[in-house]
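Okay, structure first, notes after.
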Amino acid sequence: MYIQSLALTSYRNYEHTELQFDNKVNVMIGENAQGKTNLMEAIYVLSMAKSHRTSNDKELIRWDQDYAKIEGRVIKKNGPLPMQLVISKKGKKGKVNHIEQQKLSHYVGALNTIMFAPEDLSLVKGSPQIRRRFLDMEIGQVSAVYLHDLSLYQKILSQRNHYLKQLQTRKQTDQAMLEVLTEQLIDAAAKVVKRRLTFTKQLEKWAQPLHFGISRELETLTLQYHTAIEVSEASDLSKIKNSYEESFQKLRDREIDRGVTLWGPHRDDLLFFVNGRDVQTYGSQGQQRTTALSLKLAEIDLIHEEIGEYPILLLDDVLSELDDYRQSHLLHTIQGRVQTFVTTTSVEGIDHATLKEAEIFRVASGKVID
């Protein structure tokens with residue numbers, strides 16, 4: 001798939017902009033704070049219905065306007081697919097093929113994108129929350145069912161935490177309701193964890209040979225989904241539920257004392273090992289960057305395996321963060337397969353072969369010249 005055109009209305013520092021893209025490589029050149037990253041973000045928001053930079057949608061709306069609109073014409077193997085996302089202070093509404101989607105979870109997945117920005121290098125060394133978000137965003141692109149299960153889990157978790165807080169402060173004394181909420185939470189949690197376990201194994205399958213190649217055949221990358229219960233990728237839903245039920249029995253009194261849920265996928269993590277050693281703790285900066293790059297490149301093949309089409313790759317000021325060898329490996333891996341968008345302050349450092357086939361856009365003060 002690829003984006004043929006993009007139109008922005010009142011988005012960030014863009015008043016109104018319409019662009020036509022090359023189906024291979026598009027390079028956005030400009031000084032910092034001119035709007036390059038805003039363009040990349042707009043493509044990502046069109047795809048995911050949320051920003052990778054902020055959780056406050058109001059920041060996406062031009063300061064003097066009431067709403068922002070992103071429109072794109074996506075070309076897929078079955079033909080063109082118009083998409084539209086309107087962001088207002090009341091919320092977001094998405095259309096796919098001119099049909100308004102009742103839920104954003106139905107909207108997400110029509111356009112698949114992979115964002116690789118400097119902050120993604122913290123995927124390995126950052127907090128578990130970053131890695132959980134990575135799992136949720138990437139699985140959500142290929143599974144609307146997962147987004148539904150995750151949303152349900154988060155809703156029940158909030159209700160359960162509220163009830164635990166009431167038990168803690170003696171505003172409630174009936175633990176029967178806690179049992180009901182726990183049963184519901186276990187059911188939702190098991191589905192979320194099962195899908196994450198499967199995804200982790202799929203991601204490892206694609207990331208392992210990539211990492212081996214980038215490391216000049218010196219390093220073997222393995223992934224582990226870390227959860228407090230005894231489960232594996234081979235565990236079925238009933239085994240996962242049984243493990244959670246045992247955890248609840250052990251932790252119930254502590255949870256009431258603390259007024260919060262102490263188990264579940266909202267506390268899990270994704271771990272990375274190179275030659276058996278934890279990369280986050282013991283890996284060099286080079287190993288951490290190779291791991292992050294391998295994961296991002298692996299997503300391309302994983303999504304292709306799941307949906308039969310390659311996603312769009314967004315490289316936002318990340319090439320300058322990679323040494324020549326890793327940059328060359330990245331560009332060689334994607335060449336000719338994936339529509340790619342690159343932002344940079346200068347074309348220096350981007351290899352000649354990539355520039356030769358690229359469409360060049362110059363960005364300044366919210367204006368784009370091609």
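Quick reminder: no glycine exception, Cβ is built from N, Cα and C everywhere.
Sequence annotations record features per position, and here Swiss-Prot assigns ATP binding site to Gly30, Glu31, Asn32, Ala33, Gln34, Gly35, Lys36, Thr37. Under the DSSP three-state reduction, Gln34 (ATP binding site) is assigned to coil, being neither helix nor strand.
The Cβ neighbour count for Gln34 (ATP binding site), using a 10 Å radius over every protein chain in view, is 20. A Cβ within 8 Å of the Cβ centre of Gly30, Glu31, Asn32, Ala33, Gln34, Gly35, Lys36, Thr37, the residues given for ATP, is found for these other residues of the same chain: Asn38, Thr343, Thr345, Val363, Ala364. Its own atom aside, the Cβ of Glu31 (ATP binding site) has 12 Cβ atoms within 10 angstroms in the protein chains shown. Same-chain residues at least 6 positions away in sequence with a Cβ under 8 Å from that of Gly30 (ATP binding site) are, in sequence order, Lys36, Thr343, Thr345, Arg362, Val363, Ala364. With every protein chain in view, the residue among the binding-site residues Asn32, Thr37 whose Cβ has the most Cβ partners within 10 Å turns out to be Thr37.
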